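Shown next, in structure tokens, is the structure this report addresses.
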């Protein structure tokens, strides 16, 4: 069985891969604000890259590694602390951070389910890359789907508000003197990513491009 240190490092590195993927994915989709053609050109260029299948395999592997390591660590931490110690640890956290930390496994599981829905509707669905903007708009203009994606963006922000800080600590980037500033930066990044995805939903329902 792997030690907690190894599991934390694996969770941090796989999490870093996923954060980079989310940032890249959002940046690409935000091109929709510049118009349908801008996004379609980017989609065509991306689909023509020979490294795309390898990159997708890396991301899917990172998802599996991250989910399993976080699940094991959460179980071990709960067992090691015990009910009383766990309650004392909770009392030291702010309400938002406590909620984010306590719901890590739940929010992560929700994101995994959402990802499968997203892949089924967007990535695995047969479509012409030159019509990517139309696919996104038509999908997000459905009220139920728009609500699901909005919820997914909110859960992503919640998950990352704790995950970014945990990743930084595991990689040795979270120094005590930077604790407050680092915490604020992590929350700002998490909220920024969530708002970015929600803005695409808002754009899709505001106008036809």
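Quick reminder: no glycine exception, Cβ is built from N, Cα and C everywhere.
Same-chain residues lying 6+ beyond the ends of the transmembrane segment (54-75) with a Cβ under 8 Å from its Cβ atoms: 4, 7-8, 10-11, 14-15, 17-18, 21, 104-105, 108-109, 112, 115. Per TrEMBL, the feature transmembrane segment maps to 54-75 (among others).
Taken from TrEMBL, the feature transmembrane segment applies to 96-119 (among others).
Away from its own ends, the transmembrane segment (144-164) comes close to residues 15, 19, 22, 96-97, 99-101, 103-104, 107-108, 110-111, 114, 117-118, 121, 186-187, 189-191, 193-195, 197-198, 201, 204-205 of its chain (Cβ-Cβ under 8 Å, at least six residues beyond either end). Look at TrEMBL and you will find 144-164 (among others) tagged as transmembrane segment.
What TrEMBL lists as transmembrane segment is 185-204 (among others).
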